[in-house]
Amino acid sequence: MNRLGRMSLPLRSPACLICQTRTTTLIPSSWQTARSMATARLRRKVSRMALSPDVAKPSLNKDRKKRERPGPFAAMNQTEARIRDTPRTRSQAALKRSGDSKEEAQKKESPLYKALKMQTTLAPVPYGKRTAVKAKIADITSFDQFPLLPVVRNSIVSQALPGLMEVTPTPIQRLAIPKLLEESKPDKKPVKTDDDEPHYDQFLLAAETGSGKTLAYLLPVVDAVKRAEAVDKELEKKEEEEKAREREEKMKNKAFDIEPELPPLSNAGRPRAIILVPTSELVAQVGVKVKALSHTVKYRSGMISSNLTPRRIKNTLFHPDGIDILVATPHLLASIAKTEPYLLSRVSHLVLDEADSLLDRSFAPTTTEIISKVAPSLQKLILCSATIPRSLDNLLRKRYPDIKRLTTPNLHAIPRRVQLGVVDIEKDPYRGNRSLACADVIWSIGKAGDSEVSGPYSSFLEPKTKKILVFVNEREEADEVAQFLQSKGIDAHSLSRDSSARKQEEILAEFTEAPPPPSPDEIMLAQKQRRHEDPIPFEMPKRTNSGGSTRRLPNTKVLVTTDLTSRGIDTLAVKTVILYHVPHTTIDFIHRLGRLGRMGKRGRGVVLVGKKDRKDVVKEVREGMFRGQALI
């Protein structure tokens, strides 16, 4: 109540009701604080603040000793080695971390040829057989150990292998020449039978590329021809004596009833041995080898192909003096044999060089027809190849089950002296441009120095011209790639089945003939020219502005070709092969890279790999080359 005696209302607090309720909830009541203090005493203490009840108990394992760590002088004055009886075993986790576990080892050791097994094209040769052959031919070190005629043996160094300091037989020559000579029977008479079984000796010579297979079959064939020639001369001499006696008796008995004698059958167009090859280029190459031996051994040889004129073919076949050894292609020989029935009547030796090609679908009917026509007089059928495809292996097992296979230890293996590099064209700076990558590789090889040491006077001579082969899969791309390389300043030419015969001969001559070593006169002439051509001091040479591109790659020649030159062509002058496309099969790999490493020389191969190419196949081929193992 106030002084006036009236009731007064309490004054409002300055805070609102919401704030008052908030403060009441935040401030605990007295009974809540008392309860929380009581429960705090019953809480469990933190483990780190309490000791374990087992602290005072002794250890259960009494034999366990504390590991002693040797001090700095622990190794002094020791009388016995302190070596643990059993090594410490590592846990599985430690083995997995280090990668030494058996499971990891089994995962890493994958088979060598996984991708190649899916496209197996070659017939396998057991490694046990390879090792046995290697031990068998180890004792043969010279051509003098072969039972060849002296005139044939003396012609090897002078005609077959001129310019070599040391002449030793290669593995296929050590293996094949004794077998072909051992079974040789020049006086063997043909057996006439009605069945289809062959009654002549059959041989298969299989060796790696560039191993001297041509000489391996050519020397026994030449030896057999000369022995048969000597036997024929003796028979002719006896026949002439008998005819002379008969003529005298007839003259005595019936002087006026003499019948005219028939002229003797001429040897014109009747070769003793025939060598079949698949291409005209191989005809020229093998024909040169056969002709070289004829200079000293004295026999008549000839070669016929589609590159020659009909008049020249007729003069070669039907020469009055006859012909002993003929080199030809199957289709041309079969077409001539249809009009000349006596052409194949005297053949005793038939050689199928590059047999895997001559017995495929395109050549098999013609080749089989020739074999059947020469069968009555045939003594030896010799098949020669660098690869044994599965198709050829099945054909031989079916048609010639008794054939004698002479295979070298390194069959189907690319020589280890050949290095294979891989260029990914999808990366910068090519970005999928295969032709640009090819040109860049050629420029890199052309600008690099020559790794071979030519001799002490090589600096006075002109630099060697590098020869490079580029293989493409399609015939149409050969001209396109060659034109692109020419636009980049590279001396490139294309060679395919569409090229003319004259162009093929000119181009192949540059890539197959290795330049001979310089003579002393050439070295002296080069020294004189170097002195005269030395520039005058302090005088700059005059520059000539020539039209066109001035950026040219010197001392480098490139041949863009197909598989036309991958079979049997003896490219001794080539040291680099570029595979513009990845080959379809391992057979193409072997033949294309087989243009390198011939006769013990080194080589380098480069394969261009794109996005759609089988990189796993290239990888396995490269690993097989590094290990020296045979491809499959």
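Heads up, the Cβ atoms here are built off N, Cα and C, so glycines get one too.
Per Swiss-Prot, the listed range annotated as motif 'Q motif' is 141-174 (candidates: 5-38, 141-174, 277-310, 549-582). Looking up the ranges 353-356, 513-516, 597-600, 609-612 in Swiss-Prot, the one annotated as motif 'DEAD box' turns out to be 353-356. Looking at the domain 'Helicase C-terminal' (460-632) alone, the prediction's average pLDDT is 81. Cβ contacts within 10 Å of E208 (ATP binding site), excluding its own Cβ and spanning all protein chains shown: 25.
Across the binding-site residues listed here (G210, G212), the residue whose Cβ sits among the most other Cβ atoms within 10 Å is G210. A 10 Å cutoff on Cβ-Cβ distances gives S211 (ATP binding site) a total of 24 other Cβ atoms nearby, all chains included.
Non-local contacts of K213 (ATP binding site) by the CB criterion (under 8 A, 6+ apart in sequence, same chain) comprise I172, L205, A207, D353, C384, A386. When DSSP labels each residue, the motif 'DEAD box' (353-356) comes out as 2 helix, 1 strand, 1 coil, counted as helix, strand and coil in that order.
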